[in-house]
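Engineer: Starting off with a structure, shown below.
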Amino acid sequence: MSCSSLGVNAFRPSVQVATHHLSRLSRPVSTPIVFPVRFLSSTPPPCHSRQFQHRRRSGRNITSHTLLRKPLPWPTAAQRFGVRTVFGGRIVYKHYIELPPNYTDEDGLDFTSKDLRPEEVHAIFGADIDAYNANKLLKIIHGRRVAGTLEDPTVAGRSYGYTMEQRQKALAYLRDHYPVDEIANAGLRAEDELAALEALEEDATPETTEELDAKKVPRESTGKTNKLYKGAIQKNKSVYGDSVVEQLRIENEAKWAAEKKRLEEEEAKKAEEERNGVAGPLTPLTHPEKFGKLSPTVQKWITSATSDLKEPPKLSAWQRLWPSATFVLVLLGGLGVYVYIYKPAKRNERWFPEIPPAAATVGALILLNTLVHAAWKFPALWAPFNKYLLITPAVPKPFALLGAMFSHQAFGHLAVNMGFLWVVGTLLHDDIGRAKFLGLYLGSGLVAAMTSMTEFVLRQRWNISTLGASGAVYGAIGAYCWMHRLDGHRIFGFPPPPSEGLKGIVFLAFVVATNISFLFSKAARSRIDVTSHFAGLAAGVAAGEWILRRKEAEKKARMEPMAVRVSKV
């Protein structure tokens with residue numbers, strides 16, 4: 001199975017997953033444009049030791065409240081070469097005097113030795129932000145607390161695409177768990193800016209009237225520090241000198257203003273052409289934001305497929321699981337009865353007598369999965385599909401455990417599952433017959449889906465949704481490899497003779513090792529439902545062992561009358 005997590009709204013997961021894969025029109029397309037900026041108020045003076053000496057010469061008292069630790073006269077190795085230590089951890093800065101020289105407001109500072117996990121992010125912000133962006137926001141806010149720019153409007157006004165509510169939650173969380181003396185840091189930053197202005201005043205030498213007239217410089221443009229500082233601000237220059245990053249920011253803003261003007265002109269021209277009945281050019285698919293508003297019909301379908309719940313229903317784990325568990329047990333019992341009473345039809349009684357039974361059965365399953373994948377493209381079907389073809393632990397639906405087994409939204413997911421189903425399923429079908437194959441395939445998928453949902457409910461992962469035939473396919477793989485664990489197999493003729501090929505147990509071990517490797521990959525864990533893979537594999541192995549023992553018992557039962565007749569003779 002495949003699972004989607006983090007960024008999927010817990011109570012509207014299926015709509016957002018479906019729109020992510022299938023409809024460019026309903027995806028959020030606005031991406032915040034971030035310009036690299038290094039403001040005066042967020043940049044420490046270049047040399048801490050000079051600041052310290054300047055404060056001593058000026059007679060200021062640096063108390064323990066305002067200066068928590070005497071700065072070193074040279075940057076530390078961690079500040080010069082990065083923020084990671086020898087053992088791979090991170091240096092967490094809390095004091096303004098420790099601020100690294102390469103600090104920028106956009107990158108922020110590490111607030112802990114490692115990033116928060118998706119579960120922790122969900123507890124802080126909810127389901128409207130993923131772990132990567134949440135950790136980045138926390139670093140930005142923590143950096144402002146250390147740099148003393150938390151209340152600076154020129155810095156705090158930059159949102160980088162985050163909402164005010166998200167920034168407030170991030171600040172509240174950091175204040176509760178990672179205390180920083182924000183007042184002291186802001187005071188030290190103000191002292192540094194004042195010291196920089198005083199240094200400019202000391203370096204500014206008064207000029208005579210004759211020198212000013214010779215240079216043709218207006219007399220009012222020179223003077224004390226406040227005029228120099230005002231002039232620097234009016235020219236968009238830093239009192240510390242010209243900055244390449246600042247120039248880049250200005251150039252980017254100019255480019256964005258020109259691009260925005262061009263887009264507005266195109267929209268105005270398009271509106272004029274529509275009013276005059278002139279058709280414009282086709283809109284490129286690379287710019288979905290130009291498609292305009294959704295039609296009322298499509299919007300109605302999306303609304304009907306979206307849950308209006310604000311939070312998960314207040315239910316215990318048992319209340320969430322027992323309807324689905326009962327449904328699975330009833331279906332497993334029905335599959336057992338079907339396997340027991342099934343009688344294979346004669347060749348002339350089959351619908352397609354020319355097609356081998358294995359190809360017909362497996363082909364029908366592949367066709368059904370392909371049709372459901374194509375049906376996901378139509379928004380009109382999202383409402384029923386969200387209920388019955390997608391497993392959502394927040395609002396569980398028992399029938400979804402069966403429907404999700406035939407549901408794929410991504411074509412790559414469908415292709416991989418159906419490819420393995422065709423290769424292994426036809427071989428297993430030839431070994432055990434149609435009834436046992438269908439019972440094993442569907443039973444493994446049900447066990448895998450129920451195990452996966454049980455894990456999500458017990459861990460309270462309400463922002464997860466899962467679907468796909470992986471659990472059932474893994475059941476078929478496990479059964480075939482276990483039943484032929486000592487037989488040799490070749491893949492495209494390899495390994496060549498005289499080798500007997502790889503044993504089935506080797507293939508089974510490779511499948512297990514591959515899924516174990518998924519557990520150590522953060523990206524794989526967020527996209528792949530490894531729990532359903534292991535559960536389906538275990539169910540298939542158990543079913544394969546039962547089939548082998550059943551065959552052995554039937555063989556003994558057939559041999560006993562023959563042995564009696566031989567003894568009588």
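Quick reminder: no glycine exception, Cβ is built from N, Cα and C everywhere.
Annotation source TrEMBL lists compositional bias 'Basic and acidic residues' at 267-276. Among the features that TrEMBL reports, domain 'Peptidase S54 rhomboid' is placed at 400-548. Under the heading region 'Disordered', TrEMBL lists 267-286. Residues annotated as transmembrane segment in TrEMBL: 321-342, 354-376, 410-428, 464-483, 504-524.
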Engineer: Would you kindly check 321-342, 354-376, 410-428, 504-524 and say which stretch has the most C-beta pairs under 8 angstroms to the transmembrane segment (464-483)?
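Structural biologist: Stretch with maximum Cβ contacts: 410-428.
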Engineer: May I ask for the residues of the chain that lie six or more residues beyond the transmembrane segment (321-342) and have a Cβ under 8 Å from a Cβ within it?
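Structural biologist: Long-range Cβ neighbours of the transmembrane segment (321-342): 396, 398-399, 401-402, 434-436, 438-439, 442-443, 446-447, 449-450, 453-454, 457.
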Engineer: Could you give me the DSSP helix, strand and coil counts for the domain 'Peptidase S54 rhomboid' (400-548)?
Structural biologist: 108 helix, 10 strand, 31 coil
